[in-house]
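Below you'll find the structure, written out as structure tokens, and then a few comments.
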Amino acid sequence: MTRYIFVTGGVVSSLGKGIASASLAAILEARGLKVTMLKLDPYINVDPGTMSPFQHGEVFVTHDGAETDLDLGHYERFIRTTMSKSNNFTTGRVYEDVLRKERRGDYLGATIQVIPHITDEIKRRIIKGAGDADVALVEIGGTVGDIESQPFLEAIRQLRVEVGAKRAMLMHLTLVPYIATAGETKTKPTQHSVKELRSIGLQPDVLVCRSDHPIDVSSRRKIALFTNVEERAVISLEDVDTIYKIPGVLHAQGLDDFVVERFGLECGGADLSEWDRVVDAKLNPEKEVTIAMVGKYMELLDAYKSLIEAMSHAGIQNRTKVNLRYIDSEDIENQGTGLLEGVDAILVPGGFGLRGVEGKIKTVQYARENKIPYLGICLGMQVAVIEYARNVVGWTDANSTEFDMASQHPVVGLITEWQDAAGSVEQRSENSDLGGTMRLGAQDCQLQAGSKVHDCYGKDVIVERHRHRYEVNNNLLPQLTEAGLKVTGRSGDGALVEVVEAPDHPWFVACQFHPEFTSTPRDGHPLFSGFVNAALAQKAKKV
């Protein structure tokens, strides 16, 4: 039977519940247990798909096409379990399902209330998402005390009672601030946070105390005394220079032993040698490159969380320190491509909307004409096609219909019909809702032998995840290929352009899919590794 570890946060937000949860999951997985993770988001949006990147950060896309919280990206990077639609849900999704059932008459005329109807739906989704895992870690978004999270906290209170103490435990993350003028850490915020939890019937079993300074034994003993938590279950988690150290930090304090003993699980010891290798390669690079990342959402780098991590993973795989130079594409528009001088490669990620697009197009032109390694992702591929159409083919008004409906040369247009991974035909129009209407999730892609992208993957057919509603216009493709543009990747049915490469260029690859969603610190990703290798080769030319 599945055991549940519910994870909450207190005092302040952004303590790193997702990282701490994923790190514990990684240790339990290293002990031979089958582990999964869930993220419960208290906001009323049905999913984060239409939320601003400046507010929410990245939308992580699962293999089965769910638009989810960025924490699911952390989960997949730390454990081998692939996340799905069942691993993330919101208040909006819960209410939507309950109201749909009410309209069908499923509740037989009952008055619909938060308790029991909303809490029952939350519990049902938790149990479904956990599946047949040995241990399911369930992270509750937000901070204890927020009004939005109350139904979720009540649901896990009920579920703990229903499954019993031997199958459920609560891990609470808190902040233990260091007061420089006093020269000591303060435990009072943690005490009050636990008091808030206990007032709603939740007693934490584990406290993970975040701080920028070590928390000494006396402070941990004091926290244990005032919170009714075992002293060995008060874990000190101070800031580290790489998040991939955290599994080792938690293991060294015996957190996994405490969990295994509490649940009565029979399993081996934790083999964290893979994580030791990751940390060693991350902290002891032998080479160094500088790569410009030109995007639209540079004010909040969480909008590119998986991509930034994927570049770090590529550095780990190549024993290379990857310095990312973050450049806003609007700055390229206003200040010119001089901002790109001196870099070893250029990366243009995805995005939506007209703002900053011309800066991205200028960036592509600079990379293509100066023979600088280029990787374009999603919109980064679309602007590569637009740039080629304008400056090589000669269609000066070439554009995407997303940005200019009146263009006489719409080389990128709305996908009106495509076949999903299950073989079903999906159809969209300009009048379709924005939410949940994109080409989403894992799709097959056929690669052309002898191409740069084929050299990276070393296979003819790959599977990558998508999140887009615009594609290369096949009606204008013949003129583009006649002018030299190489189409080196197509969708499984051959209908859609997935990868393009520029001719007479050392390394210019642009893909419609999002390879960053499947990159992990232990395995890296072949496309990003190839990109970093190209950057190293470019740097060697300068010497």
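Keep in mind that glycine also has a Cβ here, set from the backbone N, Cα and C atoms.
L-glutamine binds Leu379, Gly380, Met381, Gln382, Glu402, Arg469 as Swiss-Prot records it, and from the list Gly351, Gly441, Gly492, Gly494 the residue named for this site is Gly351. Among Lys39, Lys123, Lys222, only Lys222 appears in Swiss-Prot as part of the CTP site alongside Ser13, Asp146, Ile147, Glu148, Lys186, Thr187, Lys188, Pro189, Thr190, Gln191. Listed by Swiss-Prot as binding ATP are Ser14, Leu15, Gly16, Lys17, Gly18, Ile19; the candidate from Asp64, Asp69, Asp71 that the record includes in that site is Asp71.
Cβ neighbour count for Ser14 (ATP binding site): 10 (other Cβ atoms within 10 Å of its Cβ, all protein chains included). A helical conformation is recorded for Ile147 (CTP binding site) in the three-state DSSP classification. In the three-state DSSP scheme, Gly380 (L-glutamine binding site) is classed as helix. Neighbours of Gln191 (UTP binding site), defined as other CB atoms within 10 A of its CB across all chains, total 16. A straight line from the CA of Gly16 (ATP binding site) to the CA of Glu402 (L-glutamine binding site) spans 36 Å.
Fewest other C-beta atoms within 10 angstroms, among the recorded positions Leu15, Ile147, Cys378, Leu379, are seen around Ile147. When the Cα positions of Ser13, Asp146, Ile147, Glu148, Lys186, Thr187, Lys188, Pro189, Thr190, Gln191, Lys222 are compared pair by pair, the longest gap among these CTP-binding residues is 31 Å.
Of the recorded residues, Gly18 (ATP binding site) and Glu139 (Mg(2+) binding site) place their C-alpha atoms 7 Å from one another.
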